[in-house]
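S.K.: TrEMBL lists 40-62, 74-94, 122-145, 166-187, 251-275, 362-395, 415-435, 463-489, 509-534 with the feature transmembrane segment.
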Amino acid sequence: MDSAFAVVEAMQVAAAGMEGSRDLVHQGRELLSSATGFNWFLILVAAVVSALVLAGCIYLLVEYQHPEDRNQAWVPKIVVVISMTLAIWTVLLFPLDVANTRACAQSISPSACTYTLPMHQLWYACFISNLVLVFLIIPFTLFFYESDSDYTFCQKVKGSLMWTMGFLVFIVLIIVIMYLLIGYVVYPTQQLTSGVRSMNVLKNLASFNSSACIKPLKSNQTEASVPDYQCSAFSTTFRSSSWKLRVSLPVYIIAIQSVLGWLVFLVFAGVGLVAGPIDWLQEFLGRPKAVITKSEYMRRGQIIAQRAKQIMNMLTMMRRGERDRRWRSNFQKVQREVALLEEDEYQLERVFPQGEDGQVRWVLFMLGFYVLAVMAVVGFCLTCMWIAQIIAYMLPPVPLSPLLNEMFVALDGVFPLFGVLAFAIFCLYLMIAAMKGNFMLGLNFLVIKLYPMRPGATMMSSFLVNTALILLMAPAIVQFCAQAFAVYADGTSIFDVFGNQVMYLIGLRYIYNLNIFLYAMLAICLLTAIFLAFRGKKVWKRRNPMDAYAMID
């Protein structure tokens with residue numbers, strides 16, 4: 001009878017369990033059904049932002065291009081617009097990844113959620129496109145654009161392909177050799193060793209927990225239980241070891257892209273974070289107060305023409321002289337004079353707008369200065385917050401405070417879109433600061449002679465080179481943001497790459513663990529501030545349109 005009652009009781013318990021499991025399954029299906037489908041609002045926002053970025057890159061090309069390149073060199077222009085747009089899209093893909101991850105309810109497991117966008121595929125597509133543009137398409141376009149004008153089309157293509165293939169083979173060999181030799185991740189682990197005890201022995205123990213761990217026995221010893229703490233992962237008795245795994249080739253390529261981008265990013269961002277807001281503020285303070293008269297415009301035009309004639313005479317004399325050290329010094333002076341002459345011509349055309357829509361262009365011209373004033377104020381605030389985030393969260397072994405991570409989480413508590421929007425602003429500002437540093441150093445960089453970027457006087461060759469540098473910085477900016485906002489970005493697709501794999505790669509992990517890149521960037525920020533403190537006044541006076549042209553109130 002007892003056994004019969006036991007069977008009936010067991011059947012009742014099983015039935016109740018099955019009923020409870022049905023309820024759980026039903027609830028799970030409801031949760032899963034709420035996760036299916038697409039967040040069309042997120043897709044709409046992504047489409048609108050992508051279109052705005054594309055329009056901004058086209059405007060930047062039109063604003064900076066040289067008059068000689070108007071209505072021609074269409075292939076380089078298309079490459080420049082696509083490359084610059086892809087660089088900004090890559091950075092803004094990180095906030096989109098955060099929004100895509102947070103679109104699912106917290107009660108749903110990440111593995112069970114149906115995400116709106118396939119972020120893993122989008123990230124790989126962006127990085128592969130980045131790699132192809134930087135190391136294949138842009139070099140080929142640059143070699144083709146700078147080919148001798150006497151060459152035929154086939155000769156230009158042949159020469160450009162030879163130079164590009166040689167460059168590409170060199171890069172591929174380096175990546176493949178490094179991947180075969182050191183393409184591994186090494187994770188630090190804590191090794192716990194415990195013996196195994198039979199169930200017969202456990203029956204006689206007063207408490208299962210007090211004797212679940214046992215010492216390893218030698219052949220001539222009997223079993224002996226040990227206290228729990230000797231088998232606890234929170235004690236100091238465990239042994240440290242490492243876990244070595246082969247990383248996938250796409251992830252390793254992303255890591256190499258990030259390191260190469262860091263070498264450029266730490267310089268340009270270090271300069272742009274400090275010099276960008278100062279330059280925008282000085283542009284606003286030195287804005288023209290009124291349109292100059294036609295007679296003043298003609299007088300200034302004559303002065304520019306005389307300076308151009310003097311430069312031509314200097315070049316004629318240099319052609320007849322020997323190319324010694326003095327000749328190279330004079331040639332550099334001529335280059336600077338040509339750059340200043342083009343800048344003065346550009347400023348003169350802006351303070352005397354001509355044509356039927358002259359008044360409209362003047363109003364837009366003045367509105368641009370007030371936009372620069374707003375950018376300067378916002379830039380100062382964002383720069384200070386970025387430096388505080390680096391010092392308080394990224395540099396110490398144990399972060400002093402999450403800072404911006406807490407701010408993003410708090411904004412999400414107010415409205416889910418606010419935190420993602422603030423996150424996107426900080427990421428985008430980092431890209432803008434790096435681009436500003438690139439444009440500023442293009443003319444005055446003393447270590448490496450880069451192609452200059454000047455409004456209204458930039459040739460397509462300069463555009464291609466600087467666009468390649470901007471595109472190269474994009475992976476480094478994404479990794480920098482992943483490291484700075486590890487709390488807020490946890491669970492995203494890209495954080496799994498940069499936070500869990502790249503940081504542990506052999507040969508690269510020491511660079512990131514010692515924060516070499518971060519210290520170098522902060523040092524460049526400090527040097528830039530010191531340089532502007534001593535040299536800024538002279539540079540600002542030269543760049544002030546009020547000093548270059550006599551304004552009439």
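Glycine is no exception: its Cβ is also placed from the backbone N, Cα and C atoms.
Since the structure is predicted, the reported quantities are computational estimates derived from the model, not experimental observations.
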S.K.: Can you tell me which recorded stretch out of 40-62, 74-94, 166-187, 415-435, 463-489 has the most Cβ pairs within less than 8 Å of the transmembrane segment (122-145)?
M.R.: 74-94
S.K.: Please work out which recorded stretch in 74-94, 166-187, 463-489 has the most C-beta pairs separated by under 8 angstroms from the transmembrane segment (40-62)?
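M.R.: Going through each listed stretch, the top one turns out to be 74-94.
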S.K.: Quickly jot the same-chain residues contacting the transmembrane segment (362-395) by Cβ under 8 Å, restricted to those at least six beyond its ends, or write none.
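M.R.: Cβ under 8 Å, 6 or more out: 273-274, 276-278, 280-281, 283-284, 287, 291, 350, 353, 401-405, 425-426, 429-430, 433, 483-484, 515, 518-519, 521-522, 525.
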S.K.: What stretch in 74-94, 415-435, 509-534 has the biggest tally of Cβ pairs under 8 Å against the transmembrane segment (463-489)?
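M.R.: Of the candidates 74-94, 415-435, 509-534, 74-94 scores highest.
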